[in-house]
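Report on the structure given below.
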Amino acid sequence: MARVLVSSPSSFFGSPLIKPSSSLRHSGVGGGGTAQFLPYRSNNNKLFTTSTTVRFSLNEIPPFHGLDSSVDIGAIFTRAESLLYTIADAAVVGADSVVTTDSSAVQKSGGWFGFISDAMELVLKILKDGLSAVHVPYAYGFAIILLTIIVKAATYPLTKQQVESTLAMQNLQPKIKAIQQRYAGNQERIQLETSRLYKQAGVNPLAGCLPTLATIPVWIGLYQALSNVANEGLFTEGFFWIPSLGGPTSIAARQSGSGISWLFPFVDGHPPLGWYDTVAYLVLPVLLIASQYVSMEIMKPPQTDDPAQKNTLLVFKFLPLMIGYFALSVPSGLSIYWLTNNVLSTAQQVYLRKLGGAKPNMDENASKIISAGRAKRSIAQPDDAGERFRQLKEQEKRSKKNKAVAKDTVELVEESQSESEEGSDDEEEEAREGALASSTTSKPLPEVGQRRSKRSKRKRTV
């Protein structure tokens with residue numbers, strides 16, 4: 001007879017519930033089972049261990065004499081197995097949480113940003129209670145979305161400041177490239193001129209980093225608040241098509257390296273949770289990956305020949321896949337937060353960058369610097385390849401025209417010089433003949449060779 005053994009792993013702290021990563025396996029005929037030693041803490045803070053073995057054997061079930069043969073026993077046990085996994089999904093317990101035997105109080109993870117996470121958790125519960133009071137369905141799911149919107153609105157001024165600083169740096173890039181080309185090889189001079197340019201334009205290169213650093217504790221606190229709520233087992237309700245906000249896995253399972261055990265290995269050709277629940281849980285990671293790619297396509301910077309930028313864009317292409325993989329190993333409540341935050345971030349960036357919501361944070365005296373840099377960039381790097389081809393053709397035509405004009409000018413100068421030289425040769429010949437005719441002495445005249453003109457010398461040298 002077949003039996004079903006359910007045993008809790010050693011990382012589970014004193015809870016009688018089953019973790020999502022608990023093993024559910026079928027073995028051969030016979031009884032017996034496996035026991036795991038489970039640590040827990042008593043009231044005096046001493047660590048004890050206890051063993052737990054859950055055995056379900058068909059040998060212990062009496063025969064069914066009065067049942068009809070049409071009853072599907074396999075379907076009954078399949079439903080029981082699904083129920084066990086549903087209970088396991090609800091029992092999301094953090095790896096660093098300790099459950100005492102008396103009060104069952106959960107120790108929350110906080111760290112440096114514990115006060116922020118406590119405040120976020122309090123606001124989340126208030127939002128959930130308020131939505132439940134007005135009979136809004138899926139109260140916890142909508143509470144997560146509302147809390148994300150509130151935090152995003154609170155950090156909007158910092159985001160705007162960061163975008164304005166980034167736009168100012170982008171406007172100065174043509175001038176910075178001109179400095180790098182002018183002082184190529186002299187790194188010290190490049191740094192000096194660049195810092196002088198920043199000072200003249202009133203731009204601080206570090207101004208774009210400070211708002212981002214300021215928002216990091218807020219988002220870490222929100223993440224920890226959602227993790228604490230999941231660890232407390234409060235994400236038991238579903239959200240539209242999602243069976244449970246605490247499923248399909250837990251924070252503890254992710255930290256132990258078994259965050260995707262709900263997907264693999266397959267049991268009898270189907271995933272452990274069944275096809276319906278598995279597909280329902282996979283919708284959020286797929287939506288998260290799709291939203292990441294849409295955001296990257298909308299905010300994609302203009303293409304350049306910079307190899308560093310090409311390598312960065314290549315890395316960013318695989319980033320959504322990594323985020324989707326992380327979404328497989330956390331509760332669905334955190335995936336809803338990630339998806340909402342990504343959609344809101346994309347909307348903010350489109351408004352600030354594309355629709356003119358943010359203006360470059362620069363002094364008015366920097367307008368001439370920016371216009372000069374843009375003019376150089378437009379001349380040196382035309383945006384369209386066809387425009388560059390037309391410029392080259394026009395330049396070639398102008399060069400040919402200049403050569404033709406220069407050639408005509410040279411020919412005219414040569415003709416005028418040849419005419420003046422021929423006139424001077426005729427006058428010299430007449431003077432020589434007159435001198436010979438007027439000579440009355442018998443003294444022989446010296447032989448005078450034929451005199452070559454300057455034009456003949458010029459032709460010979462050419």
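Numbers run from 1 along the shown chain.
Here the Cβ of each residue, glycine as well, is placed from N, Cα and C on the backbone.
Summarising the annotation, Swiss-Prot assigns transit peptide to 1-56.
Per-residue pLDDT, averaged along the topological domain 'Lumenal' (57-130), amounts to 51 for this model. Marked as topological domain 'Lumenal' by Swiss-Prot on the basis of sequence analysis: 57-130 (among others).
For 152-205 (among others), the entry in Swiss-Prot reads topological domain 'Stromal'.
Residues annotated as topological domain 'Lumenal' in Swiss-Prot, with sequence analysis given as evidence: 227-232 (among others).
Per Swiss-Prot, topological domain 'Stromal' is recorded for 254-278 (among others).
According to Swiss-Prot, the topological domain 'Lumenal' annotation covers 300-317 (among others).
The region 'Interaction with CAO/cpSRP43' annotation in Swiss-Prot covers 314-318 (among others). Secondary structure by DSSP for the region 'Interaction with CAO/cpSRP43' (314-318): 5 helix, 0 strand, 0 coil.
Positions annotated as topological domain 'Stromal' by Swiss-Prot, on the basis of sequence analysis: 339-462 (among others).
For 374-388 (among others), the entry in Swiss-Prot reads region 'Interaction with CAO/cpSRP43'.
What Swiss-Prot records for 411-431 is compositional bias 'Acidic residues'.
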Which sequence-distant residues neighbour the region 'Interaction with CAO/cpSRP43' (314-318)? Criterion: at least 6 residues beyond either end, Cβ under 8 Å.
296
